[in-house]
Amino acid sequence: MSLIYLSAAELSAKLGSGEVSSVEATQAHLDRITAVDGDVHAFLHINAEALKTAADVDARRAAGEQLGELAGVPIAIKDVLCTIGMPSTAGSRILEGWIPPYDATVVSRLRAANLIPLGKTNMDEFAMGSSTEHSAYGPTHNPWDLERIPGGSGGGSAAAVAAFEAPIALGSDTGGSIRQPAAVTGSVGVKPTYGSVSRYGAIALASSLDQVGPVSRTVLDSALVHDIIGGHDPRDSTSLKDTWPSFAAAARAGATAESLKGLRVGVVKQLDAPGFQDGVKLRFHESLAMMEEAGAEIVEVSAPNFEYAVAAYYLILPAEASSNLARFDSVRFGLRVNPAGGGTVEDVMAATRGAGFGAEVKRRIILGTYALSAGYYDEYYGSAQKVRTLIQRDFDAAFAQVDVLVSPSAPTTAFKLGEKIDDPLAMYLNDVTTIPANLAGIPGMGLPIGLAPEDGLPVGLQIMAPARADDRLYKLGATLERMLEEKWGHTLLSQAPNLTPTEMFAASEGAV
Amino acid sequence: MSESHPEPADGITADVVRHLAGLSRIALSDDEIGKLTGELGAILENVAKVNEVATPDVPATSHPIPLTNVYRPDVPGETLTLEQALAGAPEHDGSRFKVSAILGEEQ
């Protein structure tokens, strides 16, 4: 049994018992990356220190040191997160080769828990996109079908776990960048409650929406990662001071729960829409039937203002992004382009940003600048903020009736690379299901619920809970995961086509 | 910086986009301006629907979870060293970031 097919929890058990070393586990994943990442392109950078770090963890374990549960387990890190010793580009040309002088808090917590950073994963430039096609370094390919998108912006992290290049990864979710890639790759991902995971060292897109979270193949693995990265951080002024329960304990309780008796599950009428793909609707309704059979009460709820969520989002996000991305000024870090014939610092700035930003980033900065301009602030940005209030009220009313809300994670399965790249508005609609949670700050999970019969591609379920009730996601998610896998007789990802090792075939033969 | 406004959404012209690009400090080619003019118009037409429900009685929300301002104790913490701070700079002189002229000839 190859080590790459183990979940992080299974791998950690073998590491703990001494059956497997962290060096072996890390090497297995590095070999897998070498074998398949030429085709998948989940990674932008591989950590040259990974094996050294793994050897260090092995030595400390051998010396009898008590290590955390995931110590020695490899993890991939989305390139939006600052990492000492590894370039952090956020998928942008403007940060090509930039090595930050500090770690994001979530990265320091991974290191403190002795996980092994494998490398940095591909993403849409500055997390603007739903397909990774806006990465300056070329798109990531979906392991289920290399001609298709892996979702975005965190398509690299989702593809890395779905292609067994890493058991777990970190992502960030501003409007669905963890949950939508999970849906189209058949993996699991969680956007935690806003403020529950530190944003320090996460290159900012829209500060009132961004949240870092776990990416994995199982619900329990996401919970284990969430337990490590979550909690108050004095370096993030929006960090919540709450004490959080163990999400791994919630996932374990969910995995062994006999029924869903007493659980009220709300179906958002507006997110069970006629325009969604048939196979998505089919699997979604099957999962509702499964929950009902297990004792849950299914309640239809209405969220009339969700209709305005995408519009509000595409005003608030560009507005915040236009301000956040002002830091790329060609002075302190990143690219500098000197215009022909020289010029003032402002000319250099404009030439640098013109050359260093891709089309989608330019589009959103210009849109945000417009939305914030003096004559139009009330009409656009101000109105979008009011819609935000209305969406929160919709959620409040819904959660007064039910414990969790569910919807399809994405309206369709993975579409073809190139299909929507020239139509920004069509691309923006991919996130219609995920955006409301970001606007309201509530947590959401995406998990696989089957394959669409018409194309054989993964379909995801989104579970949403009230702010601070992230544990409900893990509990229900783990119960559903168990019931589905019992029904199927296997995991969903075990049905993904085998990726053919490309250039490394010879090398692995030589290694025997 | 002048306070002149771009024209309304239904009148997104190339000049408006050029003005916004100037405010955003992004040099754009004429091709890019042409493309963005159409796209921006289409996007704004779509997002303007927020005004259908954003009535005067609805308060605005800027932040999803209610928070108050945060202070930290006024004690010096760890800071970046000079080398660390300059490590990513496109140009520096060993202790400062180097930039080209701040003022143009006409200023």
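Cβ coordinates come from backbone N, Cα and C, glycine included.
The Cβ of A:LYS78 (active site, charge relay system) has 34 other Cβ atoms within 10 Å, all protein chains considered. Under the heading active site, charge relay system, TrEMBL lists A:LYS78 (among others).
Under the heading active site, charge relay system, TrEMBL lists A:SER153 (among others). Look at A:SER153 (active site, charge relay system): DSSP puts it in coil. All protein chains shown were included, and the count of other CB atoms within 10 Å of the CB of A:SER153 (active site, charge relay system) stands at 35.
All chains included, 36 other C-beta atoms sit within 10 angstroms of the C-beta of A:SER177 (active site, acyl-ester intermediate). Annotated active site, acyl-ester intermediate per TrEMBL: A:SER177, in sequence order.
Look at TrEMBL and you will find A:24-473 tagged as domain 'Amidase'.
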**Report entry** Between A:SER153 (active site, charge relay system) and A:SER177 (active site, acyl-ester intermediate), the C-alpha gap once rounded to whole angstrom
**Finding:** 5
Query raised in the report: Roughly how many Å separate the Cα of A:LYS78 (active site, charge relay system) from that of A:SER177 (active site, acyl-ester intermediate), to the nearest whole number?
Result: 11
